[in-house]
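*Asks:* Pasting in a structure now, in C-alpha cells, and then I'll have a few things to ask.
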Amino acid sequence: MLKERLENVRGTNPLIHNITNYVTVNDCANILLACGASPIMADDIGEVEEITSICRGLNINIGTLNENTIESMLKAGKMANKLKHPVILDPVGVGASKLRRQTALKLLEEVKFTVIRGNISEIKVLALGQGITKGVDADVNDKVKDDTLDNVINFAKGFSKKTGAVIAITGAIDIIANESKAYVVRNGNPNMSKITGTGCMLSAMTAAYISANVDSPLEATLASVCAMGICGELAYNRLSKRDGNSSYRNYIIDEVFNLDGDKLDDAARYESY
C-alpha cells in the first residue's frame, strides 16, 4: 500500500507551493526534491494566488509569521480550495504566542485543510483554542505514550471530524487519523528531535504525498510519516563517531532520495485502529 503512494510522487513530480518559515526553507526544498517532488517558495501577497494556481499542492507553515505572510497564507489557501488542491497546515509553536494562535485559528476558519500536522501540544492548542507549547516543541506532559494512546487516537478522530482534515500527530509515537480510522506509527529515531526542521520537512513531504494521491489523503499521510521515520533510522545508522546533527540532517535527505517503495513497505511499522 505505501509503495504505491511513493511511486505516485515519483511518477507525477508534483509542484508544491510552500509558504513556510525562513529557518528551514532550504531543508524543505531539498526534502521535496529528494522525495520526487518539485518545490517553489513564494510568500509575497502579489504572487501567491498565481503561484498556487500552477502548483499541485500547498504547504502552509506558521513558524515565522509576519503581517504580510499571514495575508499571503489566507489568499493562497483560498485559491487552493477553489482549485481543489490539497493543503497542509503545520502550526509550528502555535501555543507560544497570541499571534500564532489567532493566525492558526483564522486559517482554520477560512481555509479547508486536507492535513493538519504537528506535535501533540500544537494539535491540542488548535483543537482547544488555548494552551501552551515549549517554544516549537511538545510539552513533556503531552507526550504520546502507550498508556495514553487510546485517548489520543479518539482525540485525533474527534478533531478530524470537526475540521474535515486528516490529523497527523507526530513524535516518538505518530498518530495519523481521520474521523473513522487511525494509524499508529513506530518508526523514527529519538535523535531526529535534535535537528531543527525535521517536522517542517515532514510537512513539506506530506504535501507532496497528498498531492500525488488525492483520493487517499489518510494513506498518503501514513506513507509520508513512515518514510520520514524510516529515513531517520537509516540515516542514524550511517553516522560515524565524529558526525553530528548537521551530518544527520544531510543523511536523512539522502535516505529520502534513495528510498524505494519496497524498502518503504518492508521497514514501515504501523498498526491500524
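Backbone N, Cα and C atoms are what each Cβ position is placed from, and that goes for glycine too.
This is the feature table in Swiss-Prot:
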- M41, G197: substrate binding site (BINDING)
- R117, T170: ATP binding site (BINDING)
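Looking at the shown structure, can you explain where the listed features end up?
*Replies:* G197 (substrate binding site) has a Cβ environment of 20 other Cβ atoms inside 10 Å.
Other Cβ atoms within 10 Å of the Cβ of R117 (ATP binding site), summed over all protein chains shown, number 30.
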*Asks:* Does anything in the same chain, at least 6 positions from M41 (substrate binding site), have a Cβ under 8 Å from its Cβ, and if so what?
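*Replies:* Set apart from M41 (substrate binding site) by at least 6 residues yet with Cβ under 8 Å, we have N18, I19, T20, V25, C28, A29.
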*Asks:* To see if you understand the setup: which same-chain residues, six or more apart in sequence, place their Cβ under 8 Å from that of T170 (ATP binding site)?
*Replies:* R117, G118, N119, G199, L202, V225
